[in-house]
Each structure stands twice: as C-alpha cells, then as structure tokens.
C-alpha cells in the first residue's frame, strides 16, 4: 500500500499537489500551520485546517504557553491545549509544543514572585516537566526555550536570566527530555533567518549545551519576515545551524507588507515565500516549515505592526494568494 501511494505521489503533476504533499515529496517531514482556540468555531477555517494535503503539522499558538497552563503556582490547566492536540491527533497531524519557557505571556506569580535562583530553577523544572509529561507521546517536537536572545546575540534580560543566568535553559531542556524522551527539543527565536550576531549567539549556545551534554535536538527559525527583505544568507544560515548536527525548522513563517495590498506587493510576497521554502528544501536537516496561521483572517500581524498585514498565504476570505503558488514553486523547483 505504501509503495503504491509513493508511486502515485511521484507521478502527480505539481499543479495537483498541495503544500504538505510537496514538502514530503521534497524529503521533508511536514508543512504545517499554527492555530489558536478562538478560531476553532469558524467552520470553513477548521475544514481547511484539517486538510492534511496542505497541513500535516499543527502548533498551538497560545494555549500551551505558561499563562494558559500554570496560571497559579502548581495549578495546571490543559483544556485549551488539549482541544488543539486532540483535533490534530484525530486527523493524524504532527504536533509541535509551544512553548515551555518564554519571557512573555507569563503569569504575575512568575514575573513578580522575586524568587531566588534555586527556587526559580525548581519552578522552571516543575513547569516544563509537568507540561511535557501531560503531552508525552503526542508531540513531534517542543519549543522548550523561546526567544532567549537580544538582537546583538547577548542573552535577553528575562526574569529567568536575571536570576539564574543561562542555567534555566539547561534545566528546561533536561526536564523536557526526562518528561518525554522521544520528542525533539528545540530552542526557537526570531531574526535568526540570516547570518549575524543573533544567529552567532544561537550557534554558540547550542555548542555550549552540547559540550555540557544538555539535550538539544533542533533550532527553530521563526521567520516573521517583511516583503522584499528576505535575508540573502538565509540558506547559508540554515546550513550553519544544521552543521551543528541538529535539526532545523522554520517555525512561524509569515511575510508581512505595508498596507494597502497591491499586485506588485503580492508578486514580491510570492517570490519571498518561494525563496524561504527553497532555502529549507536545500538544507537536508531542515525538517519542515510552519506558517504562523494560514489566513490573514487570523494573522497576529495587524494587531502588533501598525499599518502592516496581509502576511499569510490565504487572504481574509480564505482564498489562496499568489504566496500559495510561491510555496508550491519553492518545494517543486
């Protein structure tokens, strides 16, 4: 049966294939998307979200973060995360956990607790262990540590770093490994698409963790990008990460533009999506690409970047934009 399926995939013309189908044909594990609980009441959206020919991997955008899962110390709630996980599992889609430790979307008890070093490390250990254990056996990968760097490659002065230095990173990774030995453990960050100080900081961190025998399986490259400004070194930088012996994944891809939308901007966006996909395709250890939701209807961009938007491959009416064809071309050319 599997041989027949593979042969059919091999002979299908590109025009009949969809994004995940083409990613698998290119040797990748998946093409996927983030989603979030509020949009799961939108039936047309949910129908396309479950189209595994386009999306065979799902990331919960917010419902597995610290404020959603441990709102008060030692009290865990997983209901919204379970909704996303169960939906994906029922459809046979891979799951990416997001995220164990992040400086943002923390409950007040973490940010204002004024814990000492050992207490805060114990809190990190317990949170990561409990969260990852709850989803043991369900996740392909976890963003264990999210956005630990400043733009210059130094470590972000988060509540965790201020009290523990980099010790919280190793603590989180070890807790996650013990909680689920078979999930892939990632460090995830933005503005590490091209070479530069921040990417060098990531490389140095991963090397240091490896030298300390701290488990680290992958680097997540968020790829929140701008139309016409894709780093020319993106493929080389993905390869630099891969040369560390870890997986690489593009984890939160969107490519925003200054509004209003024009045909010229849409065509440039199509080319930019193609460029990003081709970079992943060219790097054997780049295992897949996830868009940060697939439709402009639910994009985070307009709420954060004033006057910008239209970042996703589908528009607000759930119609494919030229960017969709850019992804198709990136996998198939």
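In case you wondered, yes, glycine gets a Cβ from its N, Cα and C as well.
Here Swiss-Prot flags 147 as active site, proton donor, drawing on similarity to another entry. What Swiss-Prot records for 252 is active site, nucleophile, and it gives sequence analysis as the kind of evidence. Annotation source Swiss-Prot lists domain 'GH10' at 18-330. If you look up Swiss-Prot, you'll see 1-17 marked as signal peptide, on the strength of sequence analysis.
Per-residue confidence over the domain 'GH10' (18-330) averages 99 (mean pLDDT, predicted model). Residue 147 (active site, proton donor) and residue 252 (active site, nucleophile) have their C-alpha atoms 12 Å apart, to the nearest angstrom.
A C-beta separation below 8 Å, combined with a sequence spacing of at least six in one chain, links the residue listed as 'active site, nucleophile' to 34, 59, 188, 190, 220, 222, 223, 224, 290, 291, 292.
Every protein chain considered, the tally of other Cβ atoms within 10 Å of the Cβ of the residue listed as 'active site, proton donor' stands at 20.
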